[in-house]
Amino acid sequence: MQNEIKNILKEYDLRNTSCREEILDLFLQRNFALSHADIESTIHEDFDRVTVYRTLKTFLDKGLIHKVLDDEGVTKYALCKEKCSHTEHHHEHVHFKCMTCGLTNCLDSVLIPSISLPAGYSLSETSLLVQGTCQDCNQKRK
Ligand SMILES: [Zn+2]
Ligand SMILES: [Zn+2]
Ligand SMILES: [Zn+2]
């Protein structure tokens, strides 16, 4: 695990810092999107808010994680599975929020339908949040 983290940081041209390692480790362990508050309350060491914020921003800029817009205006983050570059993110997948467990995850195989805008508008980003009950919660119900 430690090696995997070091390799990923290296691949993305990022210097190793304990905060980066710790946060990346967290993203690799979880298969759902994390908010700033989730990260802060989960990491072991006491990194201040600014350090966590900067680390997330660096990961975003490098194409390692992407933003997941949740309901209630909370921004969450998830690992990029597609090849995102330093300059551009390529995400056309749907995000799913479970109303039972509250977790949001990437539905990488479900693509956002293409949107055609009226004349005079130009598109830079689309995001789609679908809400319902996730696989795990549906299974528990049975
Ligand atoms: Zn991305
Ligand atoms: Zn659920
Ligand atoms: Zn996603």
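Cβ from N, Cα, C; glycine included.
Pulled from TrEMBL:
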- H90: Fe cation binding site (BINDING)
- C98, C101, C134, C137: Zn(2+) binding site (BINDING)
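Positions of the features from TrEMBL, shown on the structure.
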residue: H90; record: Fe cation binding site; Cβ contacts under 8 Å, 6 or more apart: E82, K83, C84
residue: C98; record: Zn(2+) binding site; Cβ contacts under 8 Å, 6 or more apart: T104, Q131, G132, T133, C134, D136, C137
residue: C101; record: Zn(2+) binding site; Cβ contacts under 8 Å, 6 or more apart: C134, D136, C137
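Using the Cβ center of C98, C101, C134, C137 for Zn(2+), the list of other same-chain residues with Cβ within 8 Å runs, in sequence order, M99, T100, G102, L103, T133, Q135, D136, N138. According to DSSP, C98 (Zn(2+) binding site) sits within a strand segment.
Counting other C-beta atoms within 10 Å of each candidate's C-beta, the binding-site residues C134, C137 are led by C134.
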